[in-house]
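Taken straight from Swiss-Prot:
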{"type": "ACT_SITE", "residues": "HIS176", "note": "active site, proton acceptor"}
{"type": "BINDING", "residues": "GLY10, SER11, GLY12, MET13, ILE14, GLY15, ASP34, ASN96, ILE119, THR120, ASN121", "note": "NAD(+) binding site"}
{"type": "BINDING", "residues": "ARG83, ARG89, ASN121, ARG152", "note": "substrate binding site"}
Amino acid sequence: MARNKIALIGSGMIGGTLAHLAGLKELGDIVLFDIADGIPQGKGLDISQSSPVEGFDVNLTGASDYSAIEGADVCIVTAGVARKPGMSRDDLLGINLKVMEQVGAGIKKYAPNAFVICITNPLDAMVWALQKFSGLPANKVVGMAGVLDSSRFRLFLAKEFNVSVQDVTAFVLGGHGDTMVPLARYSTVGGIPLTDLVTMGWVTKERLEEIIQRTRDGGAEIVGLLKTGSAYYAPAASAIEMAESYLKDKKRVLPCAAHLSGQYGVKDMYVGVPTVIGAGGVERIIEIDLNKTEKEAFDKSVGAVAGLCEACINIAPALK
């Protein structure tokens, strides 16, 4: 029986970490791709040489020609420029939009049946552009954002309450940026909503708001500490969770930047919402009820994403 094939487009810190995690989980054979010849080949060889020690059997290769991704079942896109201190995700738009055009053409030619996960920032605009450039069905192209943002929220909550991260569920809606919407009402500790924990005296509203703000600033906090790059371990783990749900038809309920066609009152945009990911790609978008405050915050986030998409169209009118 043929193994699944996973193409990792971009061989930087996230790409290398993705290759290692996909190998450890034996999700399939792996191709690390990058236009910088030598880097994917070197990283592929290095990770392959860890397989006898760590006990995984996959064929892991590096390549600098798009033909190497031919027939991939999953493509995870990290290609582009990473953030540096003082930069917002949006500052990357012009540079990375050109990268998405090249990547989209490569996927369209060699892996038109793949499930595509985009990580490149500014995420919501880049995954929207990538879907347009590639021509793939919208349900087969998704952005990795909500899993990461929710994971950060879960960690901060677990530390605050001194409980296991496994007993914390968290919910983050909207764009992957400063306007993201961590929803306290739909986030729980041991099944108890955060809003109830405020009433029970576990945490004050003010402290909860501080945790929510730290979640929004989660990426920038790491960029500020690293100084020469951005997060890669948690983003890679988040994308692998999505890929695994697709490859194994697990039908996980995961918050992702998904294409909306009327849901939440939004059309032809990628925004972070709860989805079900299975063998059909994004099989369902779950619409939850939002109160007035939550809806206003979500609409503000959607507006920020819409502005980025407009900026993309100004640079590449073919996207219209």
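Any Cβ shown, glycine's included, is placed from N, Cα and C.
Same-chain residues at least 6 positions away in sequence with a Cβ under 8 Å from that of GLY12 (NAD(+) binding site) are, in sequence order, ASP34, THR78, ALA82, TYR232. Residues GLY10, SER11, GLY12, MET13, ILE14, GLY15, ASP34, ASN96, ILE119, THR120, ASN121, recorded as contacting NAD(+), have a largest CA-CA distance of 17 Å. Least packed by the Cβ count within 10 Å, out of the recorded positions ARG83, HIS176, is ARG83. A straight line from the CA of GLY10 (NAD(+) binding site) to the CA of ARG83 (substrate binding site) spans 15 Å. When the Cα atoms are compared, HIS176 (active site, proton acceptor) and ARG152 (substrate binding site) turn out to be 13 Å apart. Rounded to a whole number, the C-alpha distance linking ARG152 (substrate binding site) with ILE119 (NAD(+) binding site) is 16 angstrom.
Taking the Cβ of ILE119 (NAD(+) binding site) as reference, residues of its chain lying under 8 Å away and at least six apart in sequence are, in sequence order, ILE14, ILE76, VAL77, THR78, GLY143, MET144, PRO235, ALA239. Secondary structure at ILE119 (NAD(+) binding site), taken from DSSP and collapsed to helix, strand or coil, is coil. ARG83 (substrate binding site) sits 8 Å from ASN121 (NAD(+) binding site), counting Cα to Cα.
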